[in-house]
Amino acid sequence: MPVTQFAVTDTYEYLNGFGGYKESEAIEGTLPLAANSPQKCPYGLYNEKLSGTAFTAPRDENQQTWLYRILPSASHQNFEPVSASSSQGLATPTPSFGTHFNAIPNQLRWDPFDLDKEVSWIHSLHLVAGAGDPTMKQGLGIYIYACGTSMPEKTAFYSADGDFLIVAQHGVLDIRTEFGKLLLRPNEICVIPRGIRYHVTLHNNEPARGYILELYQGHFKLPELGPIGSNGLANARDFQTPVADFIEDYENTQWTVYGKFGGNLFSAKQSHTPFDVVGWHGTYFPYKYDLGRFSPVGSICYDHPDPSIFTVLTAPSHPHGAGTAVADFVIFPPRWLVAENTFRPPWYHRNTMSEFMGLIMGNYDAKGAGKGGFQPAGASLHNTMSGHGPDMQTFEKASTMDLPPTKVGEGSMAFMFESCLMVGVTEWGLKTCQKVQESYNAHSWEPLKVHFKRPESSRGVSNGEKKHAVGDAKDASSVHALR
Ligand SMILES: [Fe+2]
């Protein structure tokens, strides 16, 4: 599957390439020549700067964009809190991170999350897990979205808390952003950076569901490739950014802008559309990516590399040390397994990193599928130092099977949000959603069988004792008793 075969054609125009400087104008001549802030902008537009980093961030990390728009976003009435019970409310606000996350060491797995035909985008956002605090710009939040209606006309949403990495699992999102329009289909992801306003329409009014990682600190970048070289994994050219596209709606009109700010939702009325950007240029913008374009790299002789080899995007956390990420977005795409004399599924492990996994479609090769298993639209969380790995059936099969070259994951796409932080679970994720599989461990790992057979030649040898000492022992059976 070199490129995803989508059921819905994306007819929007995009600018290709990850990051870097980009510019787009819906009307030729919108962007002023040389000056960013001329005394009068072309066509009577206002200019507005949108910064995604400090002005003084190093040049290769600096993300700023100039918007040329009909009216600045500052023109609105006061923001007022939106109650969680409102149809546009945020169902799971997060006013206090320290007290609202349950940090527990158990492995967790969720049955598929339900579609909800009654709600639109904002109210469909359910915070499942996370760490840190958006007011400190540290950490991340993990959401499930499941909506059945488009956002109401003349509304827009933004998060001041962080960048949204949206993983579409079911249904197609038609997203109008300030920067232009993008279509998000299952097996695609998009990133809508902090502060950018957007409106979500459901394509053909069909329900949509997926996963979101909200990054409270920094921004995603492509991982370094090291000895892999200059191509492979997610190639920069396959990322797509919308082109400028605007609405003229500023007379006798009223729009509502919803903002997530410090985990809570606010709304403000304004007498003009926020989607009035006629042209923009800079380094801070939304983008999307087809996971089917990922070029996996793996073992061609024996063993297999760490799953970091499948990293699509990474958000480094410098305080946690070099090579450490507050969030990695990792996928397990269809691929050939050819390694000889190798246990091909993931090995058993306990990691300092936390792993939240989801399944977009198909079957994940390390876990049983079907009811009670790891299913599309379900999820799992393996927290810091919580042991996990293939379930019993997968181990028994993989450790005895013939090892011809095998394609795994055909028609499947699993992914992982991996974090260096201990990820806590919300009350909604643990109880309200009623999707936690209570017997996850009992089904997966408690049944693991003992295959250990002490070789005859080692009889009488006990751990921690030198051989000659054991040989000197008068009663070897007492040594056995210590085992
Ligand atoms: Fe893992």
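Glycine is no exception: its Cβ is also placed from the backbone N, Cα and C atoms.
Per TrEMBL, active site, proton acceptor is recorded for His304. Feature annotation from TrEMBL assigns homogentisate binding site to Tyr364, His388. What TrEMBL records for 13-291 is domain 'Homogentisate 1,2-dioxygenase N-terminal'. The domain 'Homogentisate 1,2-dioxygenase C-terminal' annotation in TrEMBL covers 293-452.
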Point to revise | Cβ-based isolation winner (fewest other Cβ atoms within 10 Å) among the recorded positions His304, Tyr364, His388 | key: His304
Practice item. Write down the Cα-Cα distance for the residue listed as 'active site, proton acceptor' and His388 (homogentisate binding site), rounded and given in Å. Key: 17
Review point. In angstrom units, rounded to an integer, how far apart are the Cα atoms of Tyr364 (homogentisate binding site) and the residue listed as 'active site, proton acceptor'?
Key: 17
Check your understanding: Do you know the mean pLDDT across the domain 'Homogentisate 1,2-dioxygenase N-terminal' (13-291)?
Key -> 95
